[in-house]
Amino acid sequence: MASEKVETVVAGNYLEMEREDADSKSAKSKLSQFLWHGGSVYDAWFSCASNQALTHKLMQVAQVLLTLPYSFSQLGMLSGILFQLFYGLMGSWTAYLISVLYVEYRTRKEREKVDFRNHVIQWFEVLDGLLGKHWRNIGLFFNCTFLLFGSVIQLIACASNIYYINDNLDKRTWTYIFGACCATTVFIPSFHNYRIWSFLGLIMTTYTAWYLTIASFLHGQVEGVKHSGPTKLVLYFTGATNILYTFGGHAVTVEIMHAMWKPQKFKMIYLLATLYVLTLTLPSASAVYWAFGDMLLTHSNALSLFPRTGFRDTAIILMLIHQFITFGFACTPLYFVWEKFIGVHETKSLFKRALARLPVVIPIWFLAIIFPFFGPINSTVGSLLVSFTVYIIPAMAHMVTFASAPARENAVERPPSFLGGWVGLYSMNVFVVVWVLVVGFGLGGWASMLNFIQQVNTFGLFAKCYQCPPHKA
């Protein structure tokens, strides 16, 4: 009886919104609802699969899809495949934990008659409501910093990709241009409005992944190809951390859930999205590494190794569009935080909110120009930020939230029976925390920072054209 009551409370406001939308019969409103107002299970799946694959997720299939072959050259084929499977399952587990905590928080608040109609719930608010201000501050710091650099990576990826179509401008100049383009995401109100973009993003990454796979086999192995990896611990853990980041694209899980009409149905969405993403990343990364081997160690963007064809240029253009979409995915939670900070979050004026959001884009633009290191920055962000944001903090928060017997007895979401109840669930969480803290943050952080510092020493800050081939006159 208690669980049925909870479900009614959680879904209440969204059912009212669905009925209001259904009252509108005009063709214009129906078209707008189809393209713009997404809150179904399918929208959430598109959002997770699209965003995760472009990440590293972010944040993420697009830019991570192109750097996974680089990770394979550092890890070797076997380790690359095993780490993808392992971190894919681990990411799905912690996304599930975040969804459980969201439903718990929202149920408690709606029992207190709190109305979230004009307010988007975010991860730091979930932590605040369940565990207090100290957890809120920690979650806010790691989540915002991760999303900030996730957005930075999108701009770097845009400049890196477009350069392989038009090298008349250097990558830094292209970063200026795409920074201005991505700033237009301030006009997209919330994740409700990413329906058509999420759907298109998934198609784009699917095309690019299979282009990389097929083109690699058609190209064949380069003459004298070598598959030396792994050769150094620094490279090994840098590559492993990039894969940790690949499946850590659930920093926006709470916002995506809140955009759903029935957020209780989110439970398995991330796992299903991960399984689909693996059908893209495993074949493409394996095939590119098979074809080019150790050449990838100096080519963090896999597209740079393929000859220019219409298919390759199509993949680049689709990735550019997808990176624009993923920039919006990463930035939108930052927009919400900033709106709440300056007190305009609940205003109904889209223009006023857009103007208020512009200051968020400026530091992202600036950081992308300072650190244009495509592959290394992925690994660094993964080890220092993703490890805490979407792995350690959710697992620890779940354990602390349900530490007391009354909290476990009254939990909205019970542990899966196949785990062995609360004991099995706590065992899983402890394993996640220890593994990510030691391997992801510890060893991965050490390796990623060494690699990142090496890039800075080699190319310098504000590098005009990172890893660019000699310009052809």
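Note that Cβ sites are derived from N, Cα and C of the backbone, with glycine treated the same way.
Predicted automatically and left uncurated, TrEMBL annotations should be read as such.
Some features that TrEMBL has for this protein:
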DOMAIN    60-438  domain 'Amino acid transporter transmembrane'
TRANSMEM  81-103  transmembrane segment
TRANSMEM  140-162  transmembrane segment
TRANSMEM  174-192  transmembrane segment
TRANSMEM  199-222  transmembrane segment
TRANSMEM  234-257  transmembrane segment
TRANSMEM  269-292  transmembrane segment
TRANSMEM  315-338  transmembrane segment
TRANSMEM  358-377  transmembrane segment
TRANSMEM  383-405  transmembrane segment
TRANSMEM  417-443  transmembrane segment
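Outside the transmembrane segment (269-292) by six or more residues, the chain places 41, 44-45, 48-49, 52-53, 61, 64-65, 68-69, 71-73, 77, 80-81, 84-85, 88-89, 91-92, 95-96, 99, 205-206, 208-210, 212-213, 216-217, 219-222, 225, 227, 246-247, 250, 253, 299, 302, 305 with a CB less than 8 A from a CB of the stretch.
Same-chain neighbours of the transmembrane segment (140-162): 55-60, 62-63, 66, 122-124, 171-172, 174-175, 178-179, 181-182, 251-252, 301, 303, 316, 319-320, 323-324, 326-327, 330-331, 333-334, 337, 363-365, 367-368, 371-374, 377-378, 381, 385-386, 388-390, 393, 466, counting only residues six or more beyond its ends whose CB sits under 8 Å from a CB of the stretch. Packing against the transmembrane segment (234-257) from elsewhere in the chain are residues 44, 47-48, 51-52, 54-60, 64, 67-68, 70-75, 79-80, 83-84, 87-88, 90-92, 94-95, 98-99, 102, 120-123, 126, 143, 146-147, 150, 190-191, 263, 266, 270, 274, 277, 281, 297, 329-330, 332-333, 336, 375-376, 378-379, 381-383, 386-387, 389-391, 436, 439-440, 443-448, 450-451: each is 6 or more residues past its ends and has a CB under 8 Å from a CB in it. At the 8 Å Cβ threshold, with sequence separation of at least 6, the transmembrane segment (383-405) lacks contact with the transmembrane segment (358-377), having fewer than 3 such pairs. Using the rule of three or more Cβ pairs under 8 Å, pairs at least 6 apart in sequence, the transmembrane segment (174-192) is in contact with the transmembrane segment (358-377).
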